[in-house]
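**Q** Here it is: the structure, laid out below.
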Amino acid sequence: MLMITSFANPRVAQAFVDYMATQGIILTIQQHTQSDVWLADESQAGRVRAELARFLENPADPRYLAASWQSGQTNSGLRYQRFPFFATLRHNAGPFTWAILLICIAVFILQNLLGDQPVMIWLAWPYDPSLQFEAWRYFSHAFMHFSLMHILFNLLWWWYLGGAVEKRIGSGKLVVITVISALLSGFVQHQFSGPWFGGLSGVVYALMGYVWLRGERDPQSGIYLQRGLILFSLVWLIAGWFDVFGMAIANGAHVAGLATGLAMAFVDTLHGRKRA
């Protein structure tokens, strides 16, 4: 299935769905924070988007009202979740987003049960030449977190940004961003502080950079990050360099992650800009 658009007003969404039904195209609505309109037959996407553009120009056109009457529906056709908060958590993230989130939680529980050191011995960046062929270590450092605030902050951003990328662009793209940014941010942080570090923040900063620049250069992608949030991330980044918070922060990983995300977004939007 392909998500076509989202409407803040569920009645407007229903009007568009009703009209498309009269054109022989079946759309469905999933109600979460907004009314998401989905298309099952992706081969019809071009026609649906063309009709959507006309609909948005004048949603009050009588033909749309007539379509709603023609559908014979006296209700909105929407199904509301009994627990909308949990429905939002579930539907705003894909399987890879949830897999990483659950792995991080499981590792955090192990750290609290066994202590940080035993877990780091297995998951930390290679701290001895004999470990350099243990390939998982170049990525598994991202699963470790050292305080409740640390893991909550990272996983909230991971769910918000990673979920958006996975839902709008696909799991493959999120996997690529995660793997590349974990590797590069880990390498840079290792140069700064040695192998004893952890956290998903390098990947999170990569997602911040990717989502913001991809949204600026390619609005059609459906992902974006408000400029206020990217400004907040930059302030947090600068504050970390000057030790404003008085705690150990993986500044090298943050900078490397952000640069990685920006670079990947630039490359992904380069061809589209050239065609334009």
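Cβ atoms here come from the backbone N, Cα and C positions, even for glycine.
Pulled these from Swiss-Prot:
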type	residues	note
ACT_SITE	Ser201	active site, nucleophile
ACT_SITE	His254	active site
TRANSMEM	94-114	transmembrane segment
TRANSMEM	142-162	transmembrane segment
TRANSMEM	169-189	transmembrane segment
TRANSMEM	192-212	transmembrane segment
TRANSMEM	229-249	transmembrane segment
TRANSMEM	252-272	transmembrane segment
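Could you tell me the structural context for the features on the list?
**A** All protein chains shown were included, and the count of other CB atoms within 10 Å of the CB of Ser201 (active site, nucleophile) stands at 28.
Around His254 (active site), a 10 Å sphere centred on its CB holds 25 further CB atoms from the protein chains shown.
For the transmembrane segment (94-114), same-chain residues at least 6 beyond its ends with a Cβ under 8 Å from one of its own Cβ atoms are 123, 142-146, 151, 154-155, 158-159, 162-163, 166-167, 171, 174-175, 178, 200.
Residues 94-97, 100, 125, 138-139, 141-142, 162, 197, 202-203, 205-207, 210, 221-223, 250, 252-257, 260-261, 264 of the same chain lie 6 or more positions beyond the ends of the transmembrane segment (169-189) yet place their CB under 8 Å from a CB of it.
Within the chain carrying the transmembrane segment (192-212), a Cβ under 8 angstroms from the stretch's Cβ atoms is held by residues 100, 104, 120, 123-127, 141-146, 150, 153-155, 157-158, 161-162, 164-165, 177-178, 180-182, 184-186, 223-225, 227, 229-230, 233, 237, 250-262, 264-265, all 6 or more beyond its ends.
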